[in-house]
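Chemist: Structure incoming, see below.
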Amino acid sequence: MESEQLYHRGYCRNSYNSITSASSDEELLDGAGVIMDFHTTEDDNLLDGDAASPGSNYNMSNGGGAPSSSTHLLDFLEEPIPGVGTYDDFHTIDWVREKCKDRERHRKINSKKKESAWEFTKSLYDAWSGWLVVTLTGLASGALAGLIDIAADWMNDLKEGVCLSALWFNHEQCCWTSNETTFAERDKCPQWKSWAELILGQAEGPGSYIMNYFMYIYWALSFAFLAVCLVKVFAPYACGSGIPEIKTILSGFIIRGYLGKWTLMIKTITLVLAVASGLSLGKEGPLVHVACCCGNIFSYLFPKYSKNEAKKREVLSAASAAGVSVAFGAPIGGVLFSLEEVSYYFPLKTLWRSFFAALVAAFVLRSINPFGNSRLVLFYVEYHTPWYLFELIPFILLGVFGGLWGAFFIRANIAWCRRQRSLSSGKYPVLEVILVAAITAVVAFPNPYTRQNTSELIKELFTDCGPLETSQLCQYRSQMTGSDAGPGVYSAMWQLCLALIFKIIMTIFTFGLKVPSGLFIPSMAIGAIAGRIVGIAMEQLAYYHHDWFFFKEWCEVGADCITPGLYAMVGAAACLGGVTRMTVSLVVIVFELTGGLEYIVPLMAAVMTSKWVGDAFGREGIYEAHIRLNGYPFLDAKEEFTHTTLAREVMRPRRSDPPLAVLTQDDMTVEELQATINETSYNGFPVIVSKESQRLVGFALRRDITIAIENARRKQEGILPNSRVYFTQHAPTLPADSPRPLKLRSILDMSPFTVTDHTPMEIVVDIFRKLGLRQCLVTHNGRLLGIITKKDILRHMAQMANQDPESIMFN
């Protein structure tokens with residue numbers, strides 16, 4: 001059964017002697033009258049068996065004990081068997097074996113580099129391949145991000161009208177060269193025509209409003225329909241944010257095609273369509289997925305990464321940093337995001353390469369200049385008013401709001417996604433997306449703050465009011481004693497309150513649709529709206545009650561002491577922190593957005609408060625919640641295991657289970673071995689000396705056994721169903737008329753990780769996290785008792801947390 005699948009840890013054959021020594025279970029054992037030395041030599045082939053091979057010191061006896069040089073075993077010219085050591089889809093990699101393989105590869109390259117100039121050149125290429133692949137990843141990520149930004153802005157404005165002078169210009173670009181615009185109405189120019197002007201010939205009146213309303217809904221539905229159809233037909237993996245799956249992949253899980261070229265192409269196209277449709281989603285999260293697709297594709301150009309899953313994940317960690325770098329224009333924040341949020345294994349050299357990839361990506365995006373403001377993001381702002389100590393109180397209150405919003409959103413969204421899978425509507429993703437897009441467009445159009453692009457909304461909320469601003473939020477009546485809010489500000493406050501409610505509701509139902517959907521921008525928009533409302537309230541409180549003692553100390557009469565845009569920025573960080581539970585990386589990202597060191601303390605206070613409040617309702621963020629919803633085998637390093645169970649209480653088999661499926665080292669036939677494989681669905685089998693002794697020899701992976709047998713039958717004659725299979729160094733004594741035996745010692749993991757049955761599970765969980773194990777065997781006085789897999793641990797942790805243990809679906 002899939003729920004009981006076992007895992008294979010494996011080891012790099014040629015470096016076994018360099019990484020391990022014989023334990024009590026690996027000494028010279030006497031099995032069936034044959035003395036077997038379990039130590040291997042550097043000359044063992046991947047599927048060895050040459051009776052006269054150097055280093056094996058092997059003689060095979062056919063009953064009478066006479067040596068026979070003609071009855072050599074399998075010898076495949078010392079070439080690895082294709083497929084051995086690889087992984088199936090939806091399985092976990094073996095970090096220990098992959099790192100071992102890389103050390104052996106590096107050792108061979110170093111030993112040959114002095115032989116010739118060509119070998120020296122190859123060693124240089126190998127050493128620089130890591131920097132080359134992250135450079136290519138950064139270049140591609142920056143170029144694609146610029147393309148997505150430009151296309152999304154153009155298509156978003158297409159819902160409202162078109163530029164007649166140049167169809168490829170968006171609204172702002174269309175009016176740049178116009179000489180007929182005024183300062184107050186600089187977004188209106190003759191070159192830009194609304195759909196009502198084009199169709200009805202009039203720009204004002206009820207008819208034009210209805211026509212613009214209809215065209216807005218038409219384009220929104222068209223973009224959403226096209227996006228969901230492309231995802232459904234060509235690349236189902238292109239939906240969603242992608243960050244939960246990337247976190248799982250970086251932890252060692254295999255999802256074939258998730259980072260492939262089709263996913264990259266479709267995600268790039270549909271991300272533009274989804275953002276332009278007006279759905280309550282962002283492009284920042286999916287940009288991390290796009291960057292990781294680039295890293296995965298470029299890694300196949302370099303054998304160092306294409307043939308090693310652990311090394312490939314180092315490239316993906318750097319790619320995720322590049323994705324955040326171009327999403328927010330925050331290279332340092334991208335590196336910290338990769339380190340804090342997504343990466344499972346992050347050595348120091350990956351930190352350097354992540355920084356370089358983020359730098360290259362940001363440089364390319366800056367060269368493209370997609371927003372025309374010489375900035376990497378649309379909502380870059382700078383504040384010039386200092387903050388005061390008393391303002392920490394509203395900042396902390398915004399942090400409380402962010403934590404409450406994050407906890408509410410996670411629970412509501414997970415409940416909706418779980419219910420969605422059980423409802424019939426979940427079987428019709430196209431209809432579901434069209435329905436949500438229609439509701440969003442119908443409700444969003446009347447309110448200018450929900451009609452506009454979410455990034456433009458955040459920009460307007462972040463912006464500090466000045467003489468050049470024409471927004472309703474800046475319509476103040478300037479007085480000698482300060483700025484009194486005018487009717488435009490109060491009207492904007494009501495519209496923002498309605499926009500806040502709308503964004504909260506629609507974001508819950510949008511995240512999880514079968515279109516590319518990020519969560520960063522909607523969460524920041526909700527926090528920015530709440531923060532701007534609080535900021536305006538504080539500003540007016542200081543205006544009308546400037547003689548209060550906490551205002552009198554630092555707010556002079558006639559001075560603008562409060563910056564509402566700063567409150568919007570703090571609220572955005574608090575809400576995003578409440579949803580994702582990010583801390584350090586989030587503060588740095590927002591700091592890089594604003595360019596002001598002065599506001600780090602308010603940001604830190606709000607983000608930490610939001611995390612504490614959110615953790616009071618549940619410690620997992622939205623990405624961890626979706627990982628658990630999908631049943632991915634992810635051991636979160638942040639989650640603590642505090643229970644007092646022992647290994648024997650978690651291991652399989654349990655008392656009610658059938659005995660553990662094992663292989664013996666030298667008394668099974670090919671037919672019996674294949675019967676064991678066919679009758680079970682386990683991914684690996686412990687190998688023991690005999691069923692009587694239960695002494696552990698090693699661990700063999702199901703996939704490797706199957707491939708080795710197929711290759712033996714294809715390349716070597718005489719392998720019959722009754723051929724003896726043995727995992728020892730020397731063949732057992734066989735009758736003279738016996739068919740040729742099959743030696744599978746070289747696919748055997750001779751050093752499987754073992755624990756005793758009295759080992760606390762707290763230690764076992766820590767070992768799985770830090771070593772990246774897939775399974776460990778449980779022994780008692782050297783005798784095999786059972787096995788603990790990563791899936792068993794996750795199920796046990798879910799059971800201890802009063803959750804459904806059957807929710808862990810994959811290996």
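Placement of Cβ uses the backbone N, Cα and C atoms for every residue, glycine included.
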Chemist: Do you know which of 4-24, 46-66, 466-486, 739-759 TrEMBL annotates as region 'Disordered'?
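Modeler: It is 46-66 that TrEMBL annotates as region 'Disordered'.
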Chemist: So which residues does the transmembrane segment (128-148) touch in its own chain, when a touch means Cβ under 8 Å and the partner is 6 or more beyond its ends?
Modeler: 268, 271-272, 283, 287, 290-291, 294-295, 298-299, 301-302, 304-305, 314-315, 318-319, 322-323, 325-327, 349, 353-354, 356-365, 367-368, 370
Chemist: Report the listed stretch (315-339, 388-410, 430-449) having the maximum count of Cβ pairs within less than 8 Å of the transmembrane segment (216-238).
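Modeler: Counting Cβ pairs under 8 Å, the winner is 430-449.
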Chemist: What is the number of residues in the domain 'CBS' (651-717) that are helix, strand and coil, as DSSP sees it?
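Modeler: For the domain 'CBS' (651-717), the helix, strand and coil counts are 24 helix, 17 strand, 26 coil.
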Chemist: Does the structure show the transmembrane segment (566-591) and the transmembrane segment (315-339) touching, where I'm treating 3 or more Cβ pairs under 8 angstroms (sequence separation 6 or more) as a contact?
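Modeler: Contact between the transmembrane segment (566-591) and the transmembrane segment (315-339): present.
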Chemist: For the domain 'CBS' (748-806), jot down how many residues DSSP puts in helix, in strand and in coil.
Modeler: 24 helix, 19 strand, 16 coil
Chemist: Can you give me the average pLDDT across the domain 'CBS' (748-806), rounded to a whole number?
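Modeler: Averaging the confidence scores along the domain 'CBS' (748-806) gives 88.
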Chemist: Looking at the stretches 315-339, 430-449, 525-546, which one shares the most CB pairs under 8 Å with the transmembrane segment (492-513)?
Modeler: 430-449
